Amino acid sequence: MYFLNQLIFQDVSVMSVDKREDMSRSFQKCLNLRYPIIQAPMAGVTTIEMAAKACIAGAIASLPLSHLDFRKVNDIEKLKLMVSQFRDQVADESLEGNLNLNFFCHDIVDKPTDLQTANWAKLYRKSMNVPIDMNEIKFDNGNVSFKAFEKENALQDFFQYLSDGFRPKIISFHFGHPSKSTIEYLQKIGILIFVTATSVREVRLLARLGINGIVCQGYEAGGHRGNFLVNDPKDDENLSTVQLVKRTVDELAEMKNKGLIHATPFVIAAGGIMDSKDISYMLSQQADAVQVGTAFLGCSESNASKNFSSPFTRETTTKMVNIISGKPARTISTPFIEKVIANFQGEELPPYGYMYSAFKQVRKKYPELANFILAGQGFQNVQSGITTDKKIETMGARLKIDGK
């Protein structure tokens, strides 16, 4: 699979617009795809069935792996089982490699302090008006960072599996990037590295690292925002998807012309992309492909499909909040979300991973009260009951590339 690197790393930065638009076809050809679409790796939502249907339909399938902890002996076996089930459902050796394994790569944080957990309990008791027994809440880190695996030398079995066994075409990272040595090793064995960016600063850093694809996550995107150079949401420029794509294309072209990078990574648009018109527009703005998430929330294979069995009113909106999980995330605005926002007074809360784990325990006990429905702008147009493959085929069949 090493040939993929040779095909992907093309000099596209100084192409004309027409030639640059051909990159969507190059993306498809290099990765053996029918459509320039990546099914987003939505933690807690994406299922193996969804990924398999996306792959069969001709898109890149994605499996979110933020729940795995390679420091534990059995978790590499969990990964192997997931991949095995995916391959069995795809049942086509020519397609099964069209897979993206996604990891969270945030900075390693300390365990929460007593003050942080006490503030959290006070906020939730006031917002939910229910008794919360702190003796029943465990502040465990439910989302271990890939950086922790690197730091503790816990990647040997994973790398061995990739080297000797199944190799996905893409491994991607959210909330940050792995070490240069990890990137180079994975590329050497023929795996493409994609990383999420939300700003031009992040794009510039990732391009210098030599990654293969930049997932440009616009502010309208649902789920957790993948920024890693901005710690305070007030410092986030909140670029829309199209503005981030345009500025990324320009930045990469300038870096290439100045000799700062030797090859230009693919530009992947992500955020607010709901149908073929949205996809066609992003491709016309020189994106090489798109990553679609919210549009699949109502699909029959989605773990979130029950939330979309009945249509939302047009008045229902989304909010970007960082006080549920500990990181900014776009969620559907519900009475619970509004109460938490109203009651929060800037108190210090537990860090991401620990706070999110505590919330999930409360949600399990009070599912009707603690609802955190991650979705992007345009979620009102989510189709309910459609299968993932049918959704992709419908979007793909109506695509317009180069005006055709």
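Numbers here mean position along the shown chain, with the first residue as 1.
Every residue gets a Cβ built from N, Cα and C, even glycine.
Now, the feature entries from Swiss-Prot:
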{"type": "BINDING", "residues": "P41, M42, A43, A270, G271, G272, G293, T294", "note": "FMN binding site"}
{"type": "BINDING", "residues": "H224", "note": "substrate binding site"}
{"type": "ACT_SITE", "residues": "H224", "note": "active site, proton acceptor"}
Excluding its own, the Cβ atoms lying within 10 Å of the Cβ of T294 (FMN binding site) add up to 29
For G271 (FMN binding site), the same-chain residues 6+ apart in sequence with C-beta under 8 angstroms from its C-beta are C216, Q217, G218, Y219, E220, A221, G222, S240, T241, G376, Q377
Rounded Cα distance, in Å, between H224 (substrate binding site) and M42 (FMN binding site) is 9
Cβ contacts within 10 Å for G293 (FMN binding site), all chains included, total 24
Sequence-ordered list of residues in the chain of A43 (FMN binding site) that lie 6 or more positions away and have a Cβ within less than 8 Å of its Cβ, or none, is P64, S66, H67, F104, N143, G223
Residues near G272 (FMN binding site) by Cβ (under 8 Å) yet at least 6 apart in sequence within the same chain, in sequence order, are G218, E220, A221, S240, T241, D278, T294, G376, Q377, G378
Densest Cβ environment (other Cβ within 10 Å) across the binding-site residues M42, A270 belongs to A270
Most isolated by CB count within 10 A, of the binding-site residues P41, H224, is P41
